[in-house]
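The domain 'Phosphoribosyl-AMP cyclohydrolase' annotation in TrEMBL covers A:25-98. The Mg(2+) binding site annotation in TrEMBL covers A:Asp72, A:Asp74, A:Asp76. Annotation source TrEMBL lists Zn(2+) binding site at A:Cys73, A:Cys89, A:Cys96. Residues or ranges marked as region 'Disordered' in TrEMBL: A:113-134. Look at TrEMBL and you will find A:118-134 tagged as compositional bias 'Acidic residues'.
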There are 2 protein chains.
Amino acid sequence: MEVDFGDDGLVPAVAQDADSGAVLMLAYVSPAALEATLETSTAHYYSRSREELWEKGATSGHTQSVEEVRVDCDADALLYLVDQTGGACHTGHRSCFYRTIEGDNVGERVFDPNAVYDSEDGNEIGNEDTSEDD
Amino acid sequence: MEVDFGDDGLVPAVAQDADSGAVLMLAYVSPAALEATLETSTAHYYSRSREELWEKGATSGHTQSVEEVRVDCDADALLYLVDQTGGACHTGHRSCFYRTIEGDNVGERVFDPNAVYDSEDGNEIGNEDTSEDD
């Protein structure tokens, strides 16, 4: 399938837990990230904050094994069906969508981010860019 | 929760079937669309092709009743948990993600788009903008 990467060369990708069906995260994918994902069956994205190819879990070990990649009707969005190791979210939650719009925390925390991310290498918790830390 | 609508005033929103967990579609949401969604509990988006507020299902009847809206860790993506009437996709499929990246059709077709959309009012099937027809 031809993917429409649009003007900015990126498409949004939804990562969904292949077993539970939980929506884990939304990130962006470049042509190189899609190619790496398909070649390795490990989820790759493009980090807009770091402006580089981003292998999910390269730092944290919380990789995503990709079972299938789907394309939407007009080919400008992707769905990654994944087996998630640990948690998808840099906050320690299984899913990045752990809060309701009202602010209630409805998500499961599965790891301690302070034990996983080294704040000295720039992956500081609380920085708004850290959602794209893996 | 404060949502970060970014430079273009839009955030991507994933619609997920509240019962089955199926990811139905990805579309974009403006502040007005989010407000309308929360007020009416019916999914609203922003149509980038028509440049207007878009009540999902206004034409087709395939509305989405919204059970919950979730926000991701850095508040720049939304998850709508919905009860989908009919199909989410203008092609007649239940989900817009009905194809694999290899081009295999793995989705369920639940309605005939020719019977739902009137091609004379601009909602022509095959037009790349029709993903944002409801």
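Just so it is clear, glycine is given a Cβ too, placed from its N, Cα and C backbone atoms.
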Roughly how many Å separate the Cα of A:Asp74 (Mg(2+) binding site) from that of A:Cys96 (Zn(2+) binding site), to the nearest whole number? 26
Relative to the Cβ position of A:Cys96 (Zn(2+) binding site), how many further Cβ atoms are located within 10 Å? 26
Return the residue, from the listed binding-site residues A:Asp72, A:Asp74, A:Asp76, with the maximum count of other C-beta atoms within 10 angstroms of its C-beta. A:Asp72
Would you find the one among the binding-site residues A:Cys73, A:Cys89 whose Cβ has the most company, meaning other Cβ atoms within 10 Å? A:Cys89
How long is the line from the C-alpha of A:Asp76 (Mg(2+) binding site) to the C-alpha of A:Cys89 (Zn(2+) binding site), rounded to the nearest angstrom? 24
Mean pLDDT over the domain 'Phosphoribosyl-AMP cyclohydrolase' (A:25-98): what is the value? 97
What is the separation, in Å, between the Cα atoms of A:Asp72 (Mg(2+) binding site) and A:Cys96 (Zn(2+) binding site)? 22
Grouping DSSP H, G, I as helix and E, B as strand, the residues of the domain 'Phosphoribosyl-AMP cyclohydrolase' (A:25-98) number 10 helix, 30 strand, 34 coil
